[in-house]
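Heads up: the structure comes next, in structure tokens.
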Amino acid sequence: MPHSVSAFQAAYIGIEVLIALVSVPGNVLVIWAVKVNQALRDATFCFIASLAVADVAVGALVIPLAILINIGPQTYFHTCLMVACPVLILTQSSILALLAIAVDRYLRVKIPLRYKTVVTPRRAAVAIAGCWILSLVVGLTPMFGWNNLSKIEMAWAANGSVGEPVIKCEFEKVISMEYMVYFNFFVWVLPPLLLMVLIYLEVFYLIRKQLSKKVSASSGDPQKYYGKELKIAKSLALILFLFALSWLPLHILNCITLFCPTCHKPTILTYIAIFLTHGNSAMNPIVYAFRIQKFRVTFLKIWNDHFRCQPEPPIDEDLPEEKVDD
């Protein structure tokens, strides 16, 4: 280690480790539930499992690499670049998985009768593979030349050094801010966010429309319908809020770095923004799994079978097709 870890860095590392310790078990539990319960094998839960795989990797790989970059070891330029790229790949995979889930929820509401014929297991698998392939393309783009090597080489040569530059490995030293803002943010983060807003607004509209039809054709208590509508709306608003809260701050800071290089960015703001992006992986099991009845039942069985040594009866795979708890 080139230098001792400061108290501030130690606190950062401690928080990152805590996030990883929450993220990895939570998302492993989601994957485990899909594996053991046949009722969780349809397209919706496959998308959620794909998201969980990405989030496990965030906790098990991205966070340790982020800690390594924060310490700033002396490495060759391309070695540092290889350390930085998995962060881009896996965070992008999480974003695309969230978008796939949003599209899947829209199709469930828009074409409920034809949903199973349109969203087949084969098509769902193709969509999942497509998300990962796109994530690899986006995340590995810096390896193919869109990076800061030319700037580093100029400074390296000016000092009379030869060979591949050896640098203190830091994310912003190797990753181009033009790439992060113009390509990553403006193409692969902001548009999916806006698209999800539109999708969930349409989902809300369609649900409200259907509930209105039911209310107008029913002599029952309309409060029941409005209550369910409100709960669904709150769930969708929570999804959007957590996504925006987690990803926008760091990208806004990147925009400030690019467009106002002389502007001062408090270090604590950068750390908070990083915590939010990584913390989103720990939030996802709660948002996408713990509000689904089939997952809760499976989680309870896993807990009792493997941790309390009190086997539960077999899971009833004919649970109602309820997606969000009433």
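Using the three backbone atoms N, Cα and C, a Cβ is placed for every residue, glycine included.
Quantities reported herein were computed from a predicted structural model and do not represent experimental measurements.
Swiss-Prot has this to say about the protein:
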type: TOPO_DOM; residues: 1-10; note: topological domain 'Extracellular'
type: TRANSMEM; residues: 11-33; note: transmembrane segment
type: TOPO_DOM; residues: 34-46; note: topological domain 'Cytoplasmic'
type: TRANSMEM; residues: 47-69; note: transmembrane segment
type: TOPO_DOM; residues: 70-80; note: topological domain 'Extracellular'
type: DISULFID; residues: C80-C169; note: disulfide bond
type: TRANSMEM; residues: 81-102; note: transmembrane segment
type: TOPO_DOM; residues: 103-123; note: topological domain 'Cytoplasmic'
type: TRANSMEM; residues: 124-146; note: transmembrane segment
type: TOPO_DOM; residues: 147-176; note: topological domain 'Extracellular'
type: CARBOHYD; residues: N159; note: N-linked glycosylation site
type: TRANSMEM; residues: 177-201; note: transmembrane segment
type: TOPO_DOM; residues: 202-235; note: topological domain 'Cytoplasmic'
type: TRANSMEM; residues: 236-259; note: transmembrane segment
type: TOPO_DOM; residues: 260-267; note: topological domain 'Extracellular'
type: TRANSMEM; residues: 268-292; note: transmembrane segment
type: TOPO_DOM; residues: 293-326; note: topological domain 'Cytoplasmic'
type: LIPID; residues: C309; note: S-palmitoyl cysteine
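Neighbour counts were taken at the CB atom with a 10 A radius for the disulfide-bonded residues C80, C169; the maximum falls on C80. Between the transmembrane segment (268-292) and the transmembrane segment (124-146), the number of CB pairs under 8 angstroms, six or more residues apart, is fewer than three, so the stretches are not in contact. Highlighted: of the candidate stretches 47-69, 81-102, 124-146, 81-102 has the greatest count of Cβ pairs under 8 Å to the transmembrane segment (236-259). If one looks beyond the topological domain 'Extracellular' (260-267) by at least 6 residues along the same chain, the residues whose Cβ comes under 8 Å of a Cβ in the stretch are 8, 253. Classification of C80 (disulfide bond) by DSSP places it within a helix. Around N159 (N-linked glycosylation site), no same-chain residue six or more apart in sequence has its CB under 8 Å from its CB. Residue counts of the topological domain 'Cytoplasmic' (34-46) by helix, strand and coil are 10 helix, 0 strand, 3 coil (DSSP-based). For the topological domain 'Cytoplasmic' (103-123), the residues of the chain that approach it from at least six positions outside its boundaries are 41-44, 46-47, 199-200, 202-203, 206-207, 210, 323, judged by C-beta separation under 8 angstroms. DSSP assignment over the topological domain 'Extracellular' (147-176) gives 14 helix, 5 strand, 11 coil.
Mean pLDDT across the topological domain 'Cytoplasmic' (103-123) comes to 87 in this model.
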